[in-house]
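Among the features that Swiss-Prot reports, transmembrane segment is placed at 19-39, 42-62, 87-107, 128-148, 179-199, 220-240, 270-290, 311-331, 345-365, 386-406, 413-433, 496-516 (among others).
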Amino acid sequence: MLSVLSINYRYYLMELIDFSSSVWSIVPALLAIILAIATRRVLVSLSAGIIIGSLMLSDWQIGSAFNYLVKNVVSLVYADGEINSNMNIVLFLLLLGVLTALLTVSGSNRAFAEWAQSRIKGRRGAKLLAASLVFVTFIDDYFHSLAVGAIARPVTDRFKVSRAKLAYILDSTAAPMCVMMPVSSWGAYIITLIGGLLATYSITEYTPIGAFVAMSSMNFYAIFSIIMVFFVAYFSFDIASMVRHEKLALKNTEDQLEEETGTKGQVRNLILPILVLIIATVSMMIYTGAEALAADGKVFSVLGTFENTVVGTSLVVGGFCSIIISTLLIILDRQVSVPEYVRSWIVGIKSMSGAIAILFFAWTINKIVGDMQTGKYLSSLVSGNIPMQFLPVILFVLGAAMAFSTGTSWGTFGIMLPIAAAMAANAAPELLLPCLSAVMAGAVCGDHCSPVSDTTILSSTGAKCNHIDHVTTQLPYAATVATATSIGYIVVGFTYSGLAGFAATAVSLIVIIFAVKKR
């Protein structure tokens, strides 16, 4: 029998069914994911998962389910007496939509594409440009996907690179890079978790940041995902449905080209607003982080600022600053009329409505998945007598499954890192860091593939690509790297060597690529 779990919300108290020990906990997420891929109708699929999850948690009482769902939706906007931080992401999306429309109406997108066309040699150069920008924008995955999308999209469009390929490049260089960088929103969060785990198990041979760096070198999925992106960009390694999208783009039959205006734009009108966006966002991240450190009486440090930064607020400030600069440049050029300028705001806001709707639905189902305790159920699967040699690969697969079903890598970190540390510290201390690395890799892999993940949605948004097109074209590449990564972690489990695991992953990936190319 399923027990009853009491959850105390600020605005209401209701009894929810406890699915933490039941396979039924995965039903809402699994239903939404299967329907989304099968029907290609994301909102309908997410709605089905949301409704079924609400009914299951409410013991199939329609009135209770409706009340639960309404309160959850309200909490996305307003919670604990203040506006939810999620609204900053929504506002930033709207600002980015407006900025993109302003860049288009001013002719700067067209000017930048023409400028790049004279300097970038072919489609390969356009794809490599999009991939290389991660070395500038690695501070946050949201920021990377949206900012690089705005910069690279005019260029990839001009060279007839499909939007699906651009979305793949954005997504596969976002979280994989952020998760390995200490000076990023991801790195700061993970280092904080690691510090607590090292203290819990009295491990003194590593500092938290030292352990993080060592773990990053064994995060095979993240490392080889980035390598795969550059390989795909350089050699045009197209597989599965990506082949069709690239052919359509080359024939110019994909609905992807931005509307071009008759305005003779200038390259500076794109470069300056984007530079301001990057500089203002990073500066605000440092400021909000430093302010939080000061409030807690802590000494300023770069790592500390990124650990305590407020990403949403920083993105909004950066967005406003970039729009102000873009507007000033438009005024100076005197080529855009007031009605055209106003229309650009309307067009920009409308362009983000679909992405915002998907985000709200994804956030709602993520709340339901949390109340279903899907993560707790999946984590319970690692209990029992597991051969230590297979522990890293098991944790990788389980972390991927959890992040895929819940749509959150950070939530997976919070649940699985303590479990991995407990198992490894007690049974095989030599495998502690490899096991933690495997969890990080699995979380990024699952988040990377999940159609309900924020980062997947925002990568589609940044590329202005159909969301399910992005999911289905990226999945074969992610599965290829994940397969090679699994082999690498098996080797680590038997050899206790991160270098051996790295080599095994590299060799496996090469073999898989050659096997796929021969088909």
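Each residue's number is its place along the chain shown, starting with 1.
A Cβ is built for glycine as well, from the same backbone N, Cα and C atoms used for every other residue.
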- line: Within the same chain, the residues 6 or more beyond the ends of the transmembrane segment (19-39) and with Cβ under 8 Å of it are 2, 5, 45-46, 48-50, 52-53, 56-57, 365, 368-369, 372-374, 376-378, 380, 404-407, 450-452, 468, 471-472
Message: Checking distant contacts: for the transmembrane segment (128-148), what same-chain residues at least six beyond its ends satisfy Cβ-Cβ under 8 A?
response: 89, 92-93, 96, 116, 120, 155-156, 166, 169-171, 173-175, 177-178, 181, 183-186, 226, 229-230, 233-234, 274, 277-278, 281-282, 285, 306, 311, 315, 318, 454-455, 458-459, 461-462
Message: At a threshold of under 8 Å on Cβ distances, which of 42-62, 87-107, 345-365 pairs most often with the transmembrane segment (311-331)?
response: 87-107
Field: Touch test for the transmembrane segment (179-199) and the transmembrane segment (413-433), at least 3 Cβ pairs under 8 Å
entry: yes
Statement: Ranked by Cβ pairs within a distance under 8 Å of the transmembrane segment (87-107), the first of 220-240, 270-290, 345-365 is 345-365
- prompt: Of the listed stretches (42-62, 220-240, 270-290, 345-365, 496-516), which one yields the highest count of Cβ-Cβ distances below 8 Å with the transmembrane segment (413-433)?
  reply: 496-516
Query: Taking pairs 6 or more apart in sequence, does the count of Cβ pairs under 8 Å between the transmembrane segment (345-365) and the transmembrane segment (220-240) hit 3 or more?
result: no
- request: Could you tell me what the rest of the chain brings near the transmembrane segment (42-62), counting residues at least six beyond its ends with Cβ under 8 Å?
  value: 14, 16-17, 19, 24, 27-29, 31-36, 68-69, 72, 357-358, 361-362, 364-365, 368-369, 371-372, 451-452, 467-468
Query: Same-chain Cβ contacts of the transmembrane segment (220-240) under 8 Å, 6 or more residues past its ends?
result: 123-124, 127-128, 130-131, 134, 165, 168-169, 172-173, 175-177, 179-180, 246, 396, 437, 440-442, 444-445, 448, 472-473, 475-478, 480-482, 484-485, 488-489, 501-502, 505-506, 509, 513, 516-517
